[in-house]
Amino acid sequence: MAFLALGINHKTASVDVRERVAFTPEQLVEALQQLCRLTDSREAAILSTCNRSELYIEQDHLSADVVLRWLAEYHHLSLDELRASAYVHEDDAAVRHMMRVASGLDSLVLGEPQILGQMKSAYAVAREAGTVGPLLGRLFQATFSAAKQVRTDTAIGENPVSVAFAAVSLAKQIFSDLQRSQALLIGAGETITLVARHLHDLGVKRIVVANRTLERASLLAEQFGAHAVLLSDIPQELVHSDIVISSTASQLPILGKGAVESALKLRKHKPIFMVDIAVPRDIEPEVGELDDVYLYTVDDLHEVVAENLKSRQGAAQAAEELVNIGAEDFMVRLRELAAVDVLKAYRQQSERLRDEELQKALRMLANGSGAEDVLAQLARGLTNKLLHAPSVQLKKLSAEGRLDALAMAQELFALGEGSSDKTP
């Protein structure tokens, strides 16, 4: 068995590359099944967010290159381009990486809690696809436990910040009085929910939530006294919007340069602040060329995020130690599991030999042999049979000069100095 964690993230790839390697929710089940089928992977899961796309795989023999080729072909990328941004972690390092990701230690915003929920969703989808078995399943459970301990035992989650928080913080820097501003939020997922909460707490004058389905938009809008509209209503809402923050799972841009130009004319070129958190992008990059638009992507939030990192650096060290302990403990338990099948087979063999000797003993008793003779024969027969295979193998190893194996056998059978004198 061997674990592999492979992917790209906000530190290794630009938003342009990340959006081309992203998986939509609709793609995941089919992609997972194809991944296992074409790369000889026994178990697999895919984590795809705005900041990372990662594959977690269990194989008999690690083949990162085969997986990279599959990922490049699936997304119609050149292998060289993908290799330039990709990272690969194997076995212990893969386990540690997964735990760091789930704990928020590898996030754009250190310690952000949303990633754990996204990791749990990745696990649920892989189970639905039938690509998670006992080994990867155990790794996910250990990962969730480690992340929970980090959240509970350290201050990594205090004064919570996120990409959503960073976007709102940037808006505060641009608009001195948010209570006079109107905001248009595109999408109705977890990130937009956080944005809505932050804006509501800051007393933004009016919030509008635009979504593909009005029902989903209404559910979110009701929580914060906002208004719900459809995506088709965005052009009209743009005219009144000072702040636009977008985060959907759309594969195509939702907001184009033409629509924004029209809105700016009706606004008499009053500036609009925009943050596109989505990957792939919701807002056409050309929108940023307009004079009265301030367009930011997730990659532009780094400076805002950097300010929030300072308060979490101390907690991060303690969190890293907990992750290291969790990863080491998991690998120890996993290696112990490797012995289970051997022990089971050895026990079954021993029980078969015992039953054979027991049947001989019962026949001897039935034929009138004395109990002491039968017990002695039973003990000798069982001892000889149990020692036969090990004796043959030890002689063979000795003839081959395998002193290391002989030393291991001495340890295995507890034959250290003076062991024969000890009472069991």
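Even glycines carry a Cβ here, placed using N, Cα and C.
Here is what Swiss-Prot says about this protein:
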type: BINDING; residues: T49, C50, N51, R52, S107, E112, P113, Q114, Q118; note: substrate binding site
type: ACT_SITE; residues: C50; note: active site, nucleophile
type: SITE; residues: H97; note: site 'Important for activity'
type: BINDING; residues: G187, A188, G189, E190, T191, I192; note: NADP(+) binding site
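Features recorded in Swiss-Prot, as mapped to the structure shown.
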| residue | record | Cβ neighbours (10 Å) |
| --- | --- | --- |
| T49 | substrate binding site | 24 |
| C50 | active site, nucleophile | 24 |
| N51 | substrate binding site | 24 |
| H97 | site 'Important for activity' | 25 |
| S107 | substrate binding site | 23 |
| P113 | substrate binding site | 18 |
| A188 | NADP(+) binding site | 25 |
| G189 | NADP(+) binding site | 16 |
| E190 | NADP(+) binding site | 15 |
| T191 | NADP(+) binding site | 24 |
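Put simply, T191 (NADP(+) binding site) is 10 Å from C50 (active site, nucleophile) when counted between their Cα atoms. Geometry remark: T49 (substrate binding site) versus T191 (NADP(+) binding site), CA distance 11 Å. Apart from T49, C50, N51, R52, S107, E112, P113, Q114, Q118, the substrate site neighbourhood in this chain, defined by C-beta within 8 angstroms of the site C-beta centre, holds G104, L108, I115, V163. The NADP(+) site, placed at the center of the C-beta atoms of G187, A188, G189, E190, T191, I192, has further neighbours from the same chain whose C-beta lies within 8 angstroms: L185, T193, L194, V195, L220, S247, T248. Separating the Cα atoms of S107 (substrate binding site) and A188 (NADP(+) binding site) is a whole-number distance of 22 Å.
Around the Cβ of I192 (NADP(+) binding site), a 10 Å sphere holds 24 further Cβ atoms from the protein chains shown. Comparing the Cα of P113 (substrate binding site) with the Cα of every entry in H97, G187, A188, G189, T191, these being the recorded positions, the smallest distance points to T191.
Rounded to a whole number, the C-alpha distance linking Q118 (substrate binding site) with T191 (NADP(+) binding site) is 11 angstrom. The DSSP secondary structure for Q118 (substrate binding site) is helix.
Note on Q118 (substrate binding site): other Cβ atoms within 10 Å of its Cβ, all shown chains, come to 18.
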